[in-house]
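What TrEMBL annotates here:
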type: TRANSMEM; residues: 12-37; note: transmembrane segment
type: DOMAIN; residues: 25-301; note: domain 'Sugar phosphate transporter'
type: TRANSMEM; residues: 49-69; note: transmembrane segment
type: TRANSMEM; residues: 81-100; note: transmembrane segment
type: TRANSMEM; residues: 134-152; note: transmembrane segment
type: TRANSMEM; residues: 158-178; note: transmembrane segment
type: TRANSMEM; residues: 190-210; note: transmembrane segment
type: TRANSMEM; residues: 230-250; note: transmembrane segment
type: TRANSMEM; residues: 257-278; note: transmembrane segment
type: TRANSMEM; residues: 284-301; note: transmembrane segment
type: REGION; residues: 316-349; note: region 'Disordered'
Amino acid sequence: MSLGRLDSWKQQYYSTSGVVLGYALCSSLLAIINKYAITKFNYPGLLTALQYLTSALGVYVLGKLGILHHDPFTIPTAKKFFPAALVFYLAIFTNTNLLRHANVDTFIVFRSLTPLLVALADTAFRGQPCPSNLTFLSLLLILASAIGYVATDSGFTLTAYSWAFAYLITITTEMVYIKHMVMNLGLNTWGFVLYNNLISLMMAPFFWFLTGENVQVFAALRSGIFDPAAFYAVSLSCLFGLLISFFGFAARRAISATAFTVTGVVNKFLTVAINVLIWDKHASPVGLVCLLSTIVGGVLYQQSVTGAVSAPAQPKQLDIENNKSGSIGGGGDDDFAGESDGTGKLISR
């Protein structure tokens, strides 16, 4: 191998390794950072709006700098995209409130349940064939593990699980709807991210007034209770929301779909491990076993459906799913993602 080719290979190797490492770091930390952010800054509507602003502005600026290309924002396309953005907003809204009232482990368990509901919805509403035996068994393992987790959750509250089921329904609706509708608009990945976040940002004030959060925020501003810790937590959450979109998209291009899926699974295990190590907001030992079982079920499910998507359609669908991760709800594009995770969720989903 010539010296020039060796240098080129090394450069490509380190570039790919850096992208994968960046994606793994962002994906495994995002749910924990979002939990920390909502703990320090207890205004979920404003928090997600700041994330939408960061993501939309980031895509716009990077597009102006020529670093990426996104479709232009037009009113006719925005009108067609609005229903999907509304469902996406509701998914992120319920996700944020889930993290507000429950621990990260509960979020991962319910996020892992989405393949089961998506498979049922695809069969019932989109005319897809029934799952294979291996797919059915993997979904059954996910369901049984989730039931075991709920049964052993010492932190069970009606409020937390109400938000959990609301999140599960909205994120499933979003995934099925995006497969059915949004892909027909012909947007590229970053165009999808721009539309999703910008339209969601426009909707945010309506939900502030609907939930009464605007009163709480104005009261907090008058009393001056915002502290530096909240500022840093929100800033970190917004930054990671943008970074995971970049690294997720770059990693999808740099490595194979199988390697990307394996990375996503490892990220979930890292999230669980980090969550256990850094604070006491996590499940019991039995709950953690059930949580890990849901992840294993997710691995089996992914293996059972690999190759089921036709080659021409797969890249476009995976690109779209990859970029749901940049929101508060996202755990990465594997959730798309979630990841993504969450998540359009650039967005986290």
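Cβ from N, Cα, C; glycine included.
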Taking contact to mean three or more C-beta pairs under 8 angstroms, with sequence separation of 6 or more, is the transmembrane segment (230-250) in contact with the transmembrane segment (49-69)?
yes
Check for me, if you would, whether the transmembrane segment (284-301) reaches the transmembrane segment (134-152) - at least 3 Cβ pairs under 8 Å, residues 6 or more apart in sequence.
yes
Verify whether three or more Cβ pairs under 8 angstroms connect the transmembrane segment (12-37) with the transmembrane segment (190-210), leaving out any pair fewer than 6 apart in sequence.
no
If I take every residue in the domain 'Sugar phosphate transporter' (25-301) and average their pLDDT values, what number comes out?
82
